[in-house]
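Let me begin by presenting the structure, written as structure tokens, before commenting on it.
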Amino acid sequence: MLLNRVQTQLLALKEQRLQRFRRTVDQADGVQMVVDGHPMLAFCSNDYLGLANDAGLAQALCEGVQRYGVGAGASHLISGHSRAHALLEAQLATLLSANIPSAQALFFSTGYMANLGLLGGLAILAPDTEIFSEALNHASLIDGMRMARTRVRVFPHRDMASLEQLLAASTSSNKVVVTDSVFSMDGSVADVPALLDLCRRYEAWLVVDDAHGFGVLGASGLGVLEHFGLHDERLLYMGTLGKAAGVSGAFVCAHEDVVSWLVQRSRPYIYTTAAAPALAHALLRSLALIVEQEGQQRRAQLKQNISHLQQSLLQRHWRLMPSETAIQPLLVGDNGQALALSARLFEQGLWVPAIRPPTVPDGTARLRIALSAAHTPAQISRLAEAINFLEAQMPRS
Ligand SMILES: *Cc1c(COP(=O)(O)O)cnc(C)c1O
């Protein structure tokens, strides 16, 4: 009886062709993977700098295990807060101190939890907290707002005038504007300076989720705040460490008082076992790579790869969306055609996902190409040629 209900729901998903599948990666060496036994060239990972398979980072992780063991054994407020976690937080705060006055950082196990923890912690500062959320925000931010059980206003994508109207009309004593820095299905960068300007005028916090920017944007790879040269105590910055940084985890960086408050009250920070200290130890090495010459070279390579792709695609009727970041979506339009394109590429050993509604608006199904510094020019050419060939073959939808 109970299982019947699950089976009916699963069948419904199957019939609507909305069922999701996981592919099993047997081996990965940068962008080259063995997937369910087949060699594949991947254009779908968030490992933008190619650090996830870096030998130095692997060694740092082993070193961390030798020093701290494999598990933290407890939550941060009990006995799980290791020297490695403390050093990582101190280093992150130092790096972001040019953007956030009296900066302190708080390490979370994942970006999903960091967003829940940050929004939840902010919401309980006042009973009348009101959150203003950009329409294309990531699911983890949306879940964070839901969990915070506070009033949420959604403003249309990039619409500063609408946001200003909402802020002007609000009587809340604790206003929080929330945005992604790089929109993950478009690759475009939010106008964070304009958002910050509004937040200054209407006395609001600005939460910036820089999951796709940290490590990539800015001269030293410190992310979107460095990219735009912003500095303000109302900035609440969330960066992830499982994408460009190549490991896992995330952090919130904010004024030290905000971080102290989160340590007191953020339930997703408090009531969970601390991430393995060895991960934090490896992340220290990753941070060094990101800001040093190594990181600069990798960012330069990524930039070259982006322009190489842009120059190689013919774009007869499928268009690259305007993006300067590693996320280069090719707008196909029709759902079936986007799926067919992705499937044909997969048969040729090229792994690029199709993204369909409801993840993106109706009629804007796309191929989401994610580039990395680890791609070689020959690999980018191979992808471009395959797409150009299929574009000529497949009828315009
Ligand atoms: C990936 C991502 C997250 C979640 O980070 P994890 O560390 O993977 O949990 C949050 N926000 C955005 C915009 C993301 O792309």
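Cβ from N, Cα, C; glycine included.
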From Ser82, Ser184, Ser266, grab the residue that TrEMBL records in the same pyridoxal 5'-phosphate site as Gly111, Tyr112, His212, Thr240. Ser184
In sequence order, the recorded positions (Ser184, His212, Lys243) whose C-alpha falls within 10 A of His138 (substrate binding site): Ser184
So which one is it: of the binding-site residues Arg20, Tyr112, which has the fewest other Cβ atoms within 10 Å? Arg20
Given the recorded positions Gly111, Ser184, His212, Thr240, Lys243, find the one whose Cα is closest in space to the Cα of Thr359 (substrate binding site). Ser184
Most Cβ neighbours inside 10 Å, all chains, among the binding-site residues Ser184, Thr359: Ser184
Check Tyr112 (pyridoxal 5'-phosphate binding site) against DSSP and tell me helix, strand or coil, would you? helix
Averaging the per-residue pLDDT over the domain 'Aminotransferase class I/classII large' (40-387), what integer do you get? 97
Near ligand 1, which of the binding-site residues show up if the criterion is a Cβ under 6 Å from one of its atoms? Options: Tyr112, His138, Ser184, Thr359. Tyr112, His138, Ser184
